[in-house]
């Protein structure tokens, strides 16, 4: 993967996170409906994340994470460097907002309950909050739903990829049964990203304006046609995902877009290179933006002394959220290295201890 492709993927990651953020900020009760046009694309953005996740896993397991230990340390440090602060931030923000303006939380169009909050947070901490469509949500932070999907895709991949014994298929089956049909129904979307990486590696890269046009049209078709396809509901027993057809429509078109993206990058790769540093910085905040924004915009709305359609409030809510993500979120991202170092030491100590016991 060359630098231009990497930078473009970073742009797409950040753009998808911004779509999720702004689509939630588009709620009538939070902002009076600003950016309402983006409300139809929040699930599209999540499908983009799933495809890109599979793509990234294919890349890192080929280039760096060639053992189960390296893979596990990288995934745990990646997840929990943001998950732990996100849970803490959600609890603090919700507590303040509820104390000041409880009706803003309990009377809205979103799912929020004061019952079983300890269980909600525990299930979310262990990333099993959405198995079998249970939908345990830590406070107001609905975006946590997708982490259960991601977590089980990581587990299933590691089981099949790293272990040689045929027992791995039994373990994978058990994991799939724990995850439930809804999570497994979207697994092929994650695998599209994995397949895409190796397909792009072996593809010819001779200049082609036709293929660049296909890249553009795939994105246009996804943006224009996606909302209409999502209106077609699919009802499958035990699969709590009626918009499944739309999920696959978006994922397939996004995969096509990425496959042909190298042919289109020649038109603006100089621009990508010029802004490499801000692109990398923004992309590093993607996960924090995804998990931090929801409790923050709710808190801003609860504390607002003016109507939510007031532009001073709107700007405060939007830029205030981005400021917190850009500061606290950036600090949390840096803790990924600290957590990874600690986990590597733990693995090293465990290996030394195990080897010593074996020799004795």
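Note: Cβ is positioned from N, Cα and C throughout, glycine not excepted.
Nobody curates TrEMBL annotations by hand; they come from automatic prediction.
According to TrEMBL, the protein carries these features:
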type	residues	note
DOMAIN	8-325	domain 'Acyltransferase 3'
TRANSMEM	43-61	transmembrane segment
TRANSMEM	82-101	transmembrane segment
TRANSMEM	121-137	transmembrane segment
TRANSMEM	144-163	transmembrane segment
TRANSMEM	169-198	transmembrane segment
TRANSMEM	210-228	transmembrane segment
TRANSMEM	248-268	transmembrane segment
TRANSMEM	280-300	transmembrane segment
TRANSMEM	312-332	transmembrane segment
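Between the transmembrane segment (248-268) and the transmembrane segment (280-300) there are fewer than 3 Cβ pairs closer than 8 Å, counting only pairs 6 or more residues apart in sequence, which means the two stretches are not in contact. Note on the domain 'Acyltransferase 3' (8-325): its mean pLDDT in the predicted model is 94.
At the 8 Å Cβ threshold, with sequence separation of at least 6, the transmembrane segment (82-101) lacks contact with the transmembrane segment (169-198), having fewer than 3 such pairs.
Of the ranges 121-137, 144-163, 210-228, 312-332, the one with the most Cβ pairs under 8 Å to the transmembrane segment (280-300) is 312-332. If you look at the transmembrane segment (210-228), the same-chain residues 6 or more away from its ends with a CB under 8 A from one of its CBs are 40-41, 44, 246, 249-250, 253-254, 256-257, 259-261, 263-264, 266-267.
Between the transmembrane segment (121-137) and the transmembrane segment (312-332) there are fewer than 3 Cβ pairs closer than 8 Å, counting only pairs 6 or more residues apart in sequence, which means the two stretches are not in contact.
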